[in-house]
Amino acid sequence: MPGKMKTMDGNTAAAYVSYAFTDVTAIYPITPSTPMAESVDEWAAQGKKNLFGQTVKIMEMQSESGAAGAIHGALQAGALATTYTASQGLLLMTPNMYKIAGELLPAVFHVSARALATNSLNIFGDHQDSYAVRHTGCAMLAESSVQQVMDLAAVAHLTAIKGRIPFINFFDGFRTSHEIQKIEVLDYEDLAHLLDRDAVARFRQNALHPDHPVVRGTAQNPDIYFQEREASNKFYMALPEMVESYMAKISALTGREYHLFNYYGAPDAGRMIIAMGSVCETIQETVDYLNARGEKVGVLTVHLYRPFSLKHFFKYIPKSVSNIAVLDRTKEPGSLAEPLYLDVKSAFYNSDWRPVIVGGRYALGGKDILPSHIISIFDNLAAERPRDGFTVGINDDVTFTSLPLSDRDIDTSSSGTTACKFWGLGSDGTVGANKSAIKIIGDKTDMYAQAYFAYDSKKSGGVTMSHLRFGHNPIRSPYLIDKADFISCSQQSYVNKYHLLAGLKPGGTFLLNCSWDVAELDEKLPVAMKRYIAANDIQFYIVNAVGIAQKLGLGGRFNMIMQSAFFKLADIIPLTRAVEYLKQSIEHAYGNKGQKIVDMNNLAVDSGIESVVKISVPQAWKHLEDKVVSPKKLPAFIKDILIPMNRQEGDSLPVSIFDGIEDGTFPSGTSAYEKRGVAINVPVWQTDKCTQCNQCAFICPHAAIRPVLISEEERQNAPAGFSAKRASGTEDAWYRLAVSPLDCSGCGNCADVCPVKGKALSMQPLESQEHEIELWEYALSLTPKANPQNKFTVKGSQFEQPLLEFSGACGGCGETPYAKLVTQLFGDRMMIANATGCSSIWGASAPSIPYTTNHKGQGPTWANSLFEDNAEFGLGMLLGVDAIRDTLATQVKAALDNAPDVPLDAELSACLSDWLANKDQGEGTRERAEKVGDTSGFANAREKSRTPTVSMPHRDYLANGSHWIFGGDGWAYDIGFGGLDHVLASGKDVNVLVFDTEVYSNTGGQSSKSTPAAAIAQFACKKTRKKDLGMMAMSYGYVYVAQIAMGADKNQTLRAIAEAEAYPGPSLIIAYAACINHGLRIGMGCSQREARRAVEAGYWANYRYHPELKEAGKNPFILDSEEPEEDFQAFLAGEVRYSSLKKLYPEFAEFLFKKTEDDARERLEGYKKLASS
């Protein structure tokens, strides 16, 4: 019988099925698998029952390795156990997977398959991770669509239990895991009928228990190990028939036909593609298109990849097939070919059938694969000598592996399908609104629906594109929309940056959010856009969603205005019903944030419908001619890579563009060329009110506001409007607070922290400040001035150039101000090892690199290894540098010792002696290095080769580097804690900066061991106290430790950073960082104020532990925080992560709130005792 139809994504489908068969799950967040664990956690908290009448027991672990170990233990104890992971997380589970398979335990690993980090990190889908564990002994089952995930995930669980073999159930990350489809949901009652209860009983009876004790995991010798390994063969031999049997039962239940290998296409096909994953849906769609035009082609979809059953493989391939292409979504450098291709060739080697077989790679790292690419593959198979070892979807103009793109103009989508594309900005709500819209269409109508959301890695402020399809036929199009019926754009600045209307069909609809009135459109819209609108009879509408949102008090969240306008224009369902459904979705999405938020969004829906304006398109637009613009002279990287990528044209870049940077090396300072212009309002300097305190620049997350010192001559030559005032503290300079409107995120923290009554900064609309762009560029062009202040003061630090600028961090980010400050103090000699996480994403999302250089070309050098090994990676960087500097010191010492025999220039000798005596000192190291390099004696010695004083390869190491290890609390408190502890214990001179947001910010806000009790994170509510990382580090006695909160005490922040860097040993700085995941009721524009509130309420304490004070006979612990004066519970109520607990779990909210306060008070009392001892 047909089941209930529901709109959901692949992750939800996998979670739904897995919940039914799971007693215990151990989890760890990693993109894109995290939503599976979140759903299971949410259902468990709601009391949802599995097939055994129990709620699932869920435990968040410190790493994926820990999660695999925990489910291994649960399985041995007789509990059915499941976990969810991807990419590097899956690799961390590998050792346990061998054990679980070897011990014949029925685990299921649900994997949203994702690229592995190689020359770069990539969070998007391919099969590198899944292929990497094919040798573990786990069975492997692959799905191609959301519906298949629902159906076949059940097969994985059922067969694992019956067959005693663990399963890796995998599907494409993002493309399937996050694609929303209307699917049929399996009923738990039907699944219960399929479950082999006797097999469950046997499994439980075989569990470890002291009532029937056995020993497992012995150490075996060569005499028996081999034999016992071979003894498990029978389980693998029996498994394919079991899988086929359960697939037959699912097929009978659903009417959808499943086999280990599913063939689709012409029964007498001559050409066939073999593949697995979402590409099979695209191939099926293309097969229908080609066969309808007289060709004879087909596709074999692989479901059960391990064990690979030859019997079932040959059963479904038409005997007419003569040419086969095998597609692998992975790359194995140095191998003869990729895995599935080798398996297929091996299969045919064992038969009498000898078709032509070629293989190719496709869609690595989430690359889109289109029907036109599939046609290229079929065209290749039709060639007299089909190309082998090909790639598709790229232009490989270096090793020439790529197939030429088919020039056919095709549309393979189902007839009657409507395609809509929505351009948005990360954090503007466009994606969330479209998720609501597609669920309304899918759940409230009889139409099929599909949604997919494409976005970059920026934390917010990046481009998002929502792709929605709906129609009366099933949708098999797992690729981005290239021909749209409707296009919406939520950002007016995009009209000059992107080809917004590319692919909009003639007669299609275009909705633009803009503040321009009808008269201004002719001036503001680019010529090419106007011409396209007129020439293609585009129905053009505008709405001032930003203005409406601000009037309603919604700030930059205008998503519901745009969404209601969409429903009005798209005419999918009656408008009154659409409004009703939208308001229901608002209640569901924002209900826990308070009725006021709900009411404002309801008004936004009504306003969006009422405010849409249809534009009468002038016919003259058809004949407009493009203006000739002289191109700017730009660095090759910017011109050839950054600009095309930022125009969303990176897919078309050829392989040759990356010649010379194959190892993943990117130049510094590229973010300065982006000029994103994403702010709604930007700060405007009120010259007469400013006291020149520089606090606004100090806390700016994006370095978009800076104090500039100007000479009289520079002031006289300045452009009009370049106001300045006499600089305080110096007699011969003028002062200006420069603002970059196009680099500002518009958070407003600068205005919030301004101490002047009436404020020296006011937030004004971005478009009103276009004149500031030229003034900013002039300010940056001025000659750098010597700092007239002490750089270790708040004011003085801001006269140092920030070497972290214009990152993709969220507006109001609490992390970047700390990192930026460190670069201002030590950036010219910094080496940074950065853990994967938020700070690695805002720190190095290609092509935007915010770490930059000074006028001498010096700046932070930055690298990322992995999430789990960052401390060790940073230590390794230090050890490598130390080894080279030791060689350098040996050379210098030898030169000085040989001075009587080989006389040195007196100046050089003095400089070398000074350098050798102070080589490990940070302050003054640049000056000492430059003195050595600048002496005439050094030049002469090098020229005459009289001594190996400083060999050229080592000269860069004269200056002592400042070694920093950056990471978030998920790294420092959890997955990387073991390594961090070891590095701190080593006594080596490294500086660790932990951005403590108290959640896993990068994966969506899950709890870490830094999360206090009562905080609602994605994995439900935290019930245990916050780990005191600082106290743990202090126990060594020789680690410098500080807790800081910039918004509470800027001077203490500066002092701690300066002391930590100067300390000749390990240092740990734990920095409180407000985050969008906290849900600040005062908004992220007040994130610095929130840090102050945290300290004033006693939620957070600022302190420093300085081991050198102990050596001087003083107390090494200094508590910098004052006695709390603010209400602790009021502070908690000001953040949604706490306040929502009352709405969700009122029965124990007060208890946990009190526990959180008691924990904080106890922690603070402990600090007080340390400070007074």
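Every residue, even glycine, has its Cβ placed from backbone N, Cα and C.
The [4Fe-4S] cluster 1 site recorded in Swiss-Prot comprises Cys690, Cys693, Cys696 together with one of Cys754, Cys810, Cys813, namely Cys754. For the [4Fe-4S] cluster 3 site, Swiss-Prot lists Cys810, Cys813, Cys838; matching the candidates Cys1021, Cys1075, Cys1086 against that entry yields Cys1075.
For the compositional bias 'Basic and acidic residues' (922-933), the number of residues in each DSSP class (helix H, G, I; strand E, B; coil) is 9 helix, 0 strand, 3 coil. A simple way to gauge crowding: the CB of Cys810 ([4Fe-4S] cluster 3 binding site) has 28 other CB atoms within 10 angstroms, across all the protein chains here.
Helix, strand and coil counts from DSSP across the domain '4Fe-4S ferredoxin-type 2' (735-766) read 6 helix, 10 strand, 16 coil. Here the binding-site residues are Cys813, Cys838, Cys1075, and the one ringed by the most other CB atoms within 10 angstroms is Cys813. DSSP assigns Cys838 ([4Fe-4S] cluster 3 binding site) to a helix.
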